[in-house]
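Copied over from TrEMBL:
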- 12-30: transmembrane segment (TRANSMEM)
- 42-64: transmembrane segment (TRANSMEM)
- 76-100: transmembrane segment (TRANSMEM)
- 120-142: transmembrane segment (TRANSMEM)
- 162-183: transmembrane segment (TRANSMEM)
- 203-221: transmembrane segment (TRANSMEM)
- 233-257: transmembrane segment (TRANSMEM)
- 277-297: transmembrane segment (TRANSMEM)
- 332-354: transmembrane segment (TRANSMEM)
- 360-377: transmembrane segment (TRANSMEM)
- 389-410: transmembrane segment (TRANSMEM)
- 416-434: transmembrane segment (TRANSMEM)
Amino acid sequence: EEAIFLRKKITLLRAFSLLIGSMVGSGIFISPKGVLKNSGSVGFSLLVWFSCGLLSMFGALCYAELGTRITKSGGHYIYILETLGPLPSFLFLWAEFFAIRPANSAVVSLAFGRYMLEPFFAPCAAPIPAVKLVSLLGYYTVLTLNSWSVTWSARLQTALSVVKLLALALIIVPGMMLLAQGHTENFQDAFDRQSLVLDKLPLAFYAGMFAYSGWFQTGFVREELVKPERNIPLAVIVSVITVIVGYMLTNVSYYTVLGTEDVLASPAVAVSFVQRAFKSLISVVPVLVALSCFGTMNGGIFTFSRTLFVASREGQWPPLFSMIHIRRHTPLPAVMLMFPFVTAMVCIGDIYHLLNFFSFSRWLFIGLATLGLIVHRCRHPELHSPFQVPLFVPVSFTIICLFTVAMSFYSDPVNISIGCTIVLSGFPVYYLIIHRQMSDRCRNVFSSFLFFSTLSDYLTHKLQLLLEVVQQEIKTY
């Protein structure tokens with residue numbers, strides 16, 4: 001008997017947990033290898049990590065302003081729609097559905113499966129089929145939970161955020177203890193310029209930004225936030241600063257215990273770290289890392305389902321996905337939609353190829369969203385947002401994002417070209433299906449069909465009346 005809508009159940013604590021739970025996931029446990037491999041040395045990799053954190057803070061501040069200016073949920077999608085128009089927003093939705101989100105979920109799921117099985121197979125590597133099976137089981141569990149209850153999903157995210165911080169602490173503390181004892185040999189000649197390859201730096205940034213990705217999650221659930229004008233900026237600033245400090249200390253701990261060869265050779269850096277530094281916790285830390293990845297999967301499903309929900313409401317996605325379960329108040333069809341694509345990518349994909357594959361599209365559209373903030377400010381100078389950042393922040397962030405996207409074509413042309421092709425394939429779909437002014441001729445044909453159909457019905461009705469009159473006259477005669 002009541003109106004059916006998504007309730008405001010996300011408080012400041014839950015918003016903070018959502019951001020921490022989305023950022024601190026598989027990235028800090030798998031990305032150090034990718035950052036080091038593409039930056040070339042310990043010193044440059046630490047610079048990349050700090051730069052990625054600073055860049056994430058810039059982006060998070062831009063999204064905090066967008067979240068206070070635009071009152072709808074939907075994150076990147078709704079920001080691009082409201083500032084740059086329906087075509088780029090649909091292209092984002094198209095790329096997000098077919099490339100970005102399933103590949104991202106597959107990466108996190110594979111990391112979950114790998115770390116969950118490490119204690120059972122150590123010191124050997126876990127079999128790939130077993131890793132993929134456990135990865136899918138973890139993903140399906142989170143999918144079921146998000147279909148069942150918003151409240152329980154939020155509570156799980158809060159609990160797992162504490163687990164994530166505990167996992168980081170168990171890596172940071174022993175590393176800092178060894179560093180204080182004078183174990184600095186792995187930092188000798190940290191900035192080796194001979195190993196630096198400039199055209200690989202975009203891939204190093206992709207790996208680092210993947211670890212920080214999640215700072216934009218509050219924008220996806222804006223309509224479900226309590227006091228969003230206050231809580232969005234506060235949750236964003238506190239969570240990003242917390243993650244930057246945690247990530248820098250974690251990487252210093254990695255390099256204190258492991259050399260560059262050990263990091264590059266390790267399929268699971270956190271496990272190798274524990275094996276070397278803290279053998280008593282050899283079976284504990286991988287499980288904590290797996291739970292951390294589990295929380296990231298939960299946050300990803302929670303937010304992306306809101307994107308599909310909003311897109312359906314805006315008329316750019318089938319109406320089925322704007323429906324809400326009557327009793328559960330969850331966007332059930334939107335939650336379930338990614339099931340086949342993630343399953344396929346987990347079965348056939350590899351973590352690092354998937355990482356490069358979806359990063360191109362993701363950072364292209366994040367750059368467009370912050371460009372949209374600049375455009376929105378110019379078009380609506382009369383609007384005063386409760387939270388506003390200096391103009392150089394969105395300008396700098398947009399330039400860096402688009403420059404990194406352009407440079408990545410030289411770094412990994414195959415995967416980047418595939419991602420670009422998926423984005424461009426959305427053009428004909430938009431103009432054939434979504435665009436409302438696509439063909440006057442089709443509209444005229446449709447109008448003519450309606451006219452002749454109406455005329456036919458009218459003549460049929462008159463003929464029936466005439467036959468009834470004739471029949472009555474015959475009976476009377």
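Glycine is treated like the rest: Cβ placed from N, Cα and C.
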Recorded stretch, among 120-142, 203-221, 389-410, 416-434, maximising Cβ pairs under 8 Å relative to the transmembrane segment (42-64): 203-221
Selection from 12-30, 76-100, 120-142, 360-377, 416-434, the stretch that has most Cβ pairs under 8 A to the transmembrane segment (389-410): 360-377
CB contact flag for the transmembrane segment (12-30) and the transmembrane segment (233-257), at least three pairs under 8 A: yes
Any contact, the transmembrane segment (416-434) to the transmembrane segment (120-142), with at least 3 Cβ pairs under 8 A: no
Distant-in-sequence neighbours of the transmembrane segment (203-221), which means Cβ under 8 A and at least six residues beyond its ends: 10, 15, 18-19, 21-23, 25, 27-28, 31, 34-35, 37-39, 45, 48-49, 51-53, 55-57, 59-60, 63-64, 66-67, 73-76, 78-79, 104, 107, 228, 231-232, 235-236, 239-240, 243, 247, 296, 299, 302-304, 306-307, 355-356, 359-360, 362-363, 366, 404, 408, 411-412
Same-chain residue ranges lying at least 6 outside the transmembrane segment (76-100) that approach it to Cβ under 8 Å: 63, 66, 70, 216, 219, 304, 307-308, 310-311, 314, 316-317, 337-338, 341, 357-358, 361-362, 365-366, 368-369, 371-373, 375-376, 419, 422-423, 425-427, 429-430, 434
Sequence-remote partners of the transmembrane segment (162-183) [C-beta within less than 8 Å, at least six residues beyond its ends]: 20-21, 24-25, 28, 246, 249-250, 252-254, 256-257, 270, 273-274, 277-278, 281, 284-285, 288-289, 291-292, 295
Positions on the same chain near the transmembrane segment (360-377), where near means CB under 8 A and six or more residues out: 59, 62-63, 65-66, 69, 76, 79-80, 82-84, 88, 91-92, 95-96, 99-100, 104, 206, 209, 213, 216, 383, 391, 394-395, 397-398, 401-402, 404-405, 408, 415-416, 419-420, 422-423
